[in-house]
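Asks: According to TrEMBL, the protein carries these features:
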- B:17-40: transmembrane segment (TRANSMEM)
- B:88-110: transmembrane segment (TRANSMEM)
- B:130-153: transmembrane segment (TRANSMEM)
- B:174-198: transmembrane segment (TRANSMEM)
- B:218-237: transmembrane segment (TRANSMEM)
- B:267-290: transmembrane segment (TRANSMEM)
- B:310-330: transmembrane segment (TRANSMEM)
- B:342-364: transmembrane segment (TRANSMEM)
- B:376-394: transmembrane segment (TRANSMEM)
- B:417-456: region 'Disordered' (REGION)
Amino acid sequence: MSGYLGSYATLGLLIVVGALVFVGAFSANRLLSPSAPNPAPDKYRNYECGLDPVGGDWAQAQIRYYLYAFLYVLFAVESVFLFPWAVIYDRPEFGASAVVEMGIFVAVLALGLLYAWRKRVLRWT
Amino acid sequence: MKYLAQDPTLANFGHDVWWLVLIKVVAVFALLLVLTLFTIMYERKVVARMAVRPGPNQVGPNGWLQSLMDGMKLPFKEEIIPITADKVVYFLAPVIAGTCAFITFAVIPFGPMVSIFGHRTPLQLTDVPVAVLVILAATSMSVYGIVLSGWASGSTYPLLGGLRSSAQMISYEVAMGLSIVAVFMTAGTMSTSGIVHAQAGGAQANWDIFGWHPQAPSWYAIVTLPSFVIYAISAVGETNRAPFDLPEAESELVGGYLTEYSSFKFAMFYLAEYIAMINVSAVGATLFLGGWRVPWPLSLIDHGVLNHSWFGLIWFLGKVLIFLFGFIWLRATLPRLRYDQFMRLGWKVLLPANLVWILILAGIKTTQRTPTGNTRWFVIAGVVVVALIAVFLWPEKKGPEAPSTEQLEEQLAQLPEGSFPLPPLDLQVPPSPRLQRLTGQREPATVGGGTDEKEN
Amino acid sequence: MTAADVLLLALGAIAVGAGWRVVITSHLVRAGLWLVVTLGAVAGAYLVLAAELVAWVQVLLYVGAVVVLLLFAVMLTRAPIGASSDLDRPGWTGLLVGGGAALGLGALLLDGYRWQKVDAPAVGSAQLLGGEVFRHWVLPFEVLSVLLLAALIGAIVVSRPAPGDDSGSR
C-alpha cells in the first residue's frame with residue numbers, strides 16, 4: 001500500500017494495536033486479580049457516600065445539558081466550515097469575497113450565541 | 001558539509017516498509033506509556049516542591065519509580081462492578097477512552113527525515129492532509145468514554161460527574177477548534193508536518209540594525225498570540241485539569257465519572273487522562289511552538305545544525321515538558337473555579353473573542369495583499385477604532401439588585417420552623433485586624449450591632 | 001476487486017448491520033452506541049472513497065457532536081439501564097416509512113446515473129472542498145447558518161419555562 005490509503009492504513013494499524021494492547025491488559029488483569037474475593041453482601045452496591053442507595057437506576061439530566069450540546073453542535077458546524085475556508089480564503093481569485101461571506105456566516109451564528117446569552121441560557125445556575 | 005534538516009512533505013508518508021511501520025507504532029506506544037509514568041511523577045515532584053515538601057521519595061532512586069509501582073499494583077486488585085451497572089457499556093467506556101487517547105500521537109511529528117536501518121523516513125508515524133482534523137475527531141470521540149462511564153455505572157455521582165465533565169469538554173472543544181483556525185489561516189495547510197514546516201522561519205525584516213536583518217518571529221504562539229492564549233486555556237479545560245478540574249471535584253462529586261471503576265479499568269481512565277494532557281501539550285508544541293524545530297537563538301548556530309535528524313526529538317520533548325510544566329504550575333497555584341464561572345469563561349469570553357480574532361486576522365491578511373499600503377492601514381485603524389468603540393459603549397453590567405430588608409424579612413418569615421439560624425441581616429464585615437494595627441486608633445467595629453431585635 | 005472495493009463493501013455491511021441493531025435494540029443508550037458505529041462506518045466509506053475531509057467532518061460532527069446531543073436528549077427524558085419494554089411501535093409504519101424512503105432514494109439515484117461510469121474525483125482535500133464551497137455553493141452555505149440559527153432559537157424557546165412559571169431554573 002502506498003500514498004493515500006497507506007497513510008490511513010498506518011492509522012488503522014495503530015488503532016488495532018491499541019485494541020490488542022487493551023485486550024491483553026484486560027486478560028492479564030483477569031489472571032492477576034484475586035480469584036476468590038471476599039463475598040461481602042453489600043460490596044456490589046453502588047456508592048452513595050456510605051448510605052444505602054435510594055430509588056431506581058434512573059438517569060435524568062437537566063435541560064441545560066441539552067442546550068449546551070446544541071450550542072456545541074452549532075459551533076462545531078461553524079468550525080468545520082471555517083477549516084476549509086481557512087486554507088483557501090487568501091487565494092487571489094476570491095479577493096475579499098470569501099472573507100465577507102465567512103463574516104456573514106459567523107455573524108448569523110453569533111446571533112444565535114447572542115440570543116442564548118440574552119435569554120440567560122449561558123448562565124449556569 | 002551542510003546539515004540542513006530535510007522537512008518531510010506529505011509525499012513522504014505512507015511508503016514505509018511494514019516492519020518500519022510496526023517499529024514506529026510500538027515506539028509511539030512505548031513513548032506514551034513512559035511519558036505518562038514520567039508525567040505523574042513530574043507532577044507530584046513539582047507540586048511537592050512548590051508546596052515545600054519532599055514528595056514521593058521512597059520507591060526507586062529518589063522516588064522516581066513510584067508511579068510505575070502504583071500502575072503495576074492496580075491489575076492485582078479485585079474488580080468490583082456494581083450490580084446496577086450496564087456491563088457491556090461499563091466495559092466499553094474505558095476502552096474508548098484509552099484508544100482515543102492514543103490516536104493523536106499518530107500524526108504528531110517528532111522530527112525531520114531520519115534514517116532508520118538505512119531507510120529514509122520521517123520521524124512521524126503518519127501524516128495526512130487533514131491531520132489536525134484527525135486529532136480533533138479523536139478528542140471529540142473521547143467524550144464518549146466519559147459520558148458512558150458515568151451512565152453505565154448506574155450510580156448518581158458518576159452520572160453527575162460524567163455529564164458535567166462532558167458538558168465541560170464539549171464547551172472547551174469549541175474554543176479549542178476555533179483557536180486552531182488561525183493556525184490554518186497562517187499556515188495554509190492542515191497537515192501537522194506542513195504546519196511545522198511553515199513555522200520554519202519568518203520573513204527577513206526590511207529594516208536593519210547595523211546591517212543585521214532581524215527575522216520576524218515564526219512561531220505561531222507569537223504570530224497568532226490570541227489563538228495561542230485561547231488554545232492554552234481551552235486545553236486546560238478540555239483535559240479537566242486544575243483549575244478546571246470540576247468533574248472530579250472531590251468535595252462535590254466524590255471522584256467524578258470514574259467513581260465506580262476499580263482495578264485495571266480505573267488505571268485505564270487514569271492513563272487516558274494523563275495521555276490527554278500529553279496530547280494537548282504535544283499538539284500545542286506542534287501548532288504553536290514550532291514543533292521539533294530548535295528555538296530561536298540556538299537555530300542560528302551553523303545554519304541550523306541543531307535541526308538535523310534526531311536532534312528534533314530533543315526539542316520536541318523539551319517543548320512538551322515545558323507545556324506540561326505549565327499545567328502542573330497552574331494546578332499548584334490556582335484554586336478551582338466554580339462551574340458557572342467556568343462555563344461563563346468558555347462561552348462568553350473565549351468563544352466571542354475567538355470569532356472576532358479570526359475575522360480580524362482574515363481582514364488583516366486580505367488587506368495585506370492589496371498593493372497600496374495606505375488602504376491597509378486605514379482598514380486596520382478602522383478595525384481598531386470599531387473595537388475600541390465597542391468596548392467603550394458596551395452596556396454596563398447590572399449587578400443583581402440587592403434585596404431590601406423587607407424582602408429578606410419576608411423570606412425569613414417563610415422559613416419553616418427549626419431552620420438553620422441565620423446571621424443578622426445587616427451584618428458588617430469587621431475590618432481586618434492587620435488594618436487596625438496599621439492605623440492604630442480606629443474605633444472598634446460594631447458587629448451586627450442593634451440587629452438582634454430585627455431577627456425575630 | 002481491489003482492496004478498496006473490499007473495504008467499501010465491508011464498511012457498508014457494518015453500517016447496515018449496525019443500523020439494524022439501532023432499530024431493534026430495546027436499550028436506549030445502546031441504540032445510540034450502535035448509531036455511532038453506523039455513522040463511523042459511513043465515515044470509513046468516505047475515507048476509502050478518498051473524501052478525507054468529509055470523512056473526518058463526519059466523525060467530528062455526527063459521531064462527536066450529534067450523537068452526544070442525542071445521548072443528552074435521551075438522558076433528559078430517561079435513560080434506564082437495561083431494556084425498555086414500552087419502546088415498540090407497530091412495525092408496519094416503520095416499514096412503510098423506511099421502505100418508502102429507501103425505494104424512493106434508490107429509484108432516484110438509479111434514474112440519475114443509469115449505470116454510467118463516473119471518474120473517481122481527486123482526493124477531497126480541504127483546499128478542493130473549500131474552493132468549491134466558496135466559488136459555487138455560497139448561497140446554501142449562508143442559508144445553512146440561518147437554518148442552524150433557527151434550530152437553536154427553537155430549542156431555547158422550547159426549553160424555557162412557560163411565562164409566569166418561576167419555579168423552573170432561569
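The backbone N, Cα and C atoms fix where each Cβ goes, and this holds for glycine too.
Quick one: how deep are these features, and who are their neighbours?
Replies: Remote same-chain partners of the transmembrane segment (B:88-110), defined as residues 6 or more beyond its termini with a Cβ less than 8 Å from a stretch Cβ, comprise 8, 28-29, 31-32, 81, 122-128, 131-132, 134-135, 138-139, 141-142, 144-146, 148-149, 151-153, 192-193, 196, 261, 265, 268-269, 271-272, 275-276, 279, 282-283, 286, 291-292, 312-313, 316.
Long-range contacts of the transmembrane segment (B:130-153) within the same chain, counting only residues at least 6 positions beyond its ends with a Cβ under 8 Å from a Cβ of the stretch, are 82, 84-86, 89-90, 92-94, 96-98, 100-101, 103-104, 106-107, 159-163, 165-166, 169-170, 173, 176-177, 180, 183-184, 190-193, 195, 238, 247, 256-261, 269, 272, 276, 279, 283, 287.
Within the chain carrying the transmembrane segment (B:174-198), a Cβ under 8 angstroms from the stretch's Cβ atoms is held by residues 7-10, 13, 107-109, 122, 124, 127-133, 136, 139, 220, 223-224, 226-228, 230-231, 233-235, 237-238, 286-288, 290-293, 346, 350-351, 354-355, 357-358, 361-362, 365, all 6 or more beyond its ends.
Sequence-distant contacts of the transmembrane segment (B:342-364), counting only residues of its own chain at least 6 positions beyond either end whose CB sits under 8 Å from a CB of the stretch, comprise 167-168, 171-172, 174-175, 178-179, 181-182, 185-186, 224, 226-227, 230, 233-234, 237, 244, 246, 379-380, 383, 387.
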Asks: Where else in the chain does the transmembrane segment (B:267-290) make close Cβ contacts, counting only residues six or more beyond its ends and a cut-off under 8 Å?
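Replies: Distal contacts: 32-33, 35-36, 39-40, 71, 74-75, 94-95, 97-98, 100-102, 104-105, 108-109, 132, 135, 139, 142, 145, 149, 180, 183, 192, 195-196, 199, 218-221, 224, 227-228, 231-232, 235, 238-241, 257-258, 261, 316, 319-320, 323-324, 327.
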Asks: Would you mind listing the long-range same-chain contacts of the transmembrane segment (B:218-237), meaning Cβ under 8 Å and 6+ residues beyond its ends?
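Replies: Same-chain contacts beyond the flanks: 168-169, 171-173, 175-176, 178-183, 186-187, 195, 199-202, 243-244, 280-281, 283-284, 287-290, 326-327, 330, 342, 345-346, 350, 353-354, 357, 361.
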Asks: With Cβ-Cβ distances below 8 Å as the criterion, list the same-chain residues six or more beyond the ends of the transmembrane segment (B:310-330) that contact it, or say none.
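Replies: For the transmembrane segment (B:310-330), the list is 5, 35, 39, 42-43, 46-47, 50, 109-112, 114, 123, 232, 236, 239, 241-243, 277-278, 280-282, 284-286, 289-295.
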